[in-house]
Amino acid sequence: MANPEVLVSSCRARQDESPCTFHPSSSPSEQLLLEDQMRRKLKFFFMNPCEKFWARGRKPWKLAIQILKIAMVTIQLVLFGLSNQMVVAFKEENTIAFKHLFLKGYMDRMDDTYAVYTQSEVYDQIIFAVTQYLQLQNISVGNHAYENKGTKQSAMAICQHFYRQGTICPGNDTFDIDPEVETECFLVEPDEASHLGTPGENKLNLSLDFHRLLTVELQFKLKAINLQTVRHQELPDCYDFTLTITFDNKAHSGRIKISLDNDISIKECKDWHVSGSIQKNTHYMMIFDAFVILTCLASLVLCARSVIRGLQLQQEFVNFFLLHYKKEVSASDQMEFINGWYIMIIISDILTIVGSVLKMEIQAKSLTSYDVCSILLGTSTMLVWLGVIRYLGFFAKYNLLILTLQAALPNVMRFCCCAAMIYLGYCFCGWIVLGPYHEKFRSLNRVSECLFSLINGDDMFSTFAKMQQKSYLVWLFSRVYLYSFISLFIYMILSLFIALITDTYETIKHYQQDGFPETELRKFIAECKDLPNSGKYRLEDDPPGSLLCCCKK
């Protein structure tokens with residue numbers, strides 16, 4: 001039989017490179033030595049970074065990179081957020097300015113109520129918008145301009161959509177309608193010097209048949225440059241605004257709603273020059289973004305390597321357990337080798353890398369995908385901060401939240417599935433029955449938002465008070481509907497949900513005091529009594545452990 005000390009040393013020296021092969025014909029002593037080697041290998045795998053340092057002197061590179069990455073990604077997000085705020089503010093302020101410029105008598109927060117009720121008001125509104133468009137250069141306080149198409153400037157398109165044929169006689173309760181929709185359009189050039197008079201004198205040659213009319217649309221394009229970014233050491237962007245003023249008569253109710261939609265696109269300015277050091281600052285920011293990408297790549301490689309090693313060790317342990325004990329490893333034990341925190345960090349690294357590349361392209365004015373970039377960077381930063389919880393979980397006093405969430409998650413998911421069925425039932429019922437009589441129930445999305453607010457105790461009285469009383473039956477139903485929903489979800493479902501979390505929390509606290517239930521995997525590892533600083537985990541080429549370590553317990 002081989003010398004036991006030699007066999008142990010051989011297995012220990014190569015335990016991170018290739019697995020020790022187990023043969024059923026091995027002698028009992030060799031089998032015990034192989035079991036001991038497997039236990040040490042598993043115990044080292046599940047150690048925290050501090051214990052691994054004491055076991056083999058391995059530096060916690062992943063932890064150091066995560067700390068560095070948190071600082072860098074957060075700084076990057078803040079800088080991009082400030083830039084994105086200027087972009088969003090410029091869009092919103094221009095949209096408000098256009099509404100005041102092109103909608104006659106418009107006042108702030110009138111979007112839902114802005115409408116006209118007479119034919120003369122419709123003509124007045126159209127003529128007012130056209131006149132303002134033709135005089136834009138003289139009246140606008142912004143740097144707005146017409147879009148140039150070659151030597152000419154883009155025109156305003158006025159289109160009306162109407163039924164092909166229609167004879168409507170409400171007095172006789174008769175009508176003859178052809179639902180086929182036709183469209184007529186004509187253009188108004190910015191360089192036209194024509195005078196637009198009163199509706200009876202207007203030279204637009206626009207005639208509307210209000211009985212057949214569906215919509216009138218005024219569409220035109222304007223351009224502007226966001227100069228406020230210069231003060232923040234950034235290159236300005238050029239904006240294209242596609243404006244559409246819509247007169248909506250689809251309901252034929254005597255009320256024509258007017259709305260202004262602004263479709264905004266950001267483009268790279270063609271010919272620009274800025275004095276000063278703005279371009280140099282842009283280069284510094286791109287260098288910083290490149291450093292963020294390199295840091296995330298290092299984190300990605302280290303975490304991916306750890307995940308792969310975990311899968312390899314999982315397969316090795318499954319084979320070992322099957323050959324040695326003639327038993328299969330349970331699925332829960334196999335899942336312990338898959339570190340979900342590493343997978344989350346890998347996802348955050350990928351999002352950060354893609355977002356940083358987009359940010360660099362935006363700074364170079366090659367792309368203008370601010371919204372996509374903000375979603376990527378925002379999500380990645382959130383995941384980076386969540387990933388740090390893993391390292392706090394190594395301390396018994398800080399991992400209570402993590403353990404509670406992990407233990408409660410399966411029951412919470414099952415509970416939420418059942419509660420969601422009741423919630424959706426109330427959503428559909430409220431939308432169908434109360435939608436015509438209550439503004440908060442006009443769409444499924446608004447119904448869901450309203451009911452979720454009620455669960456949290458928000459806006460209860462106004463939800464009751466705003467219910468129209470035109471139909472006593474529906475009003476009575478609304479009371480039964482709202483009272484039953486509030487009672488069911490607040491006093492029963494929400495209380496049960498909180499009790500579910502509380503029960504799990506108490507169970508975890510009990511486990512921390514008396515010990516957690518041990519699985520087959522943990523029982524197998526627990527038979528290894530070697531401490532991390534015993535020296536038995538060290539490989540032949542490992543450096544001696546430093547006596548100075550902040551992780552010493």
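Glycine too: its Cβ is placed from the backbone N, Cα and C atoms.
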Cys169, Cys185 - which one Swiss-Prot pairs with Cys159 by disulfide: Cys185
Swiss-Prot annotation: Gln315 and Ile498 on one membrane face: yes
N-linked glycosylation site: annotated position in Swiss-Prot, out of Asn138, Asn172: Asn138
When distances run from the Cα of Cys269 (disulfide bond) to each of the recorded positions Asn138, Cys159, Cys185, Asn205, Arg305, the nearest one: Asn138
Nearest of the recorded positions (Asn138, Cys159, Cys185, Asn205, Arg305) to Cys238 (disulfide bond), judged by Cα-Cα distance: Asn138
Count of other CB atoms lying within 10 Å of the CB belonging to Cys185 (disulfide bond): 11
In three-state DSSP terms, the structure that Asn138 (N-linked glycosylation site) belongs to: helix
Proximal but sequence-remote residues of the same chain as Arg305 (site 'Interaction with phosphoinositides') (Cβ under 8 Å, at least 6 apart): none
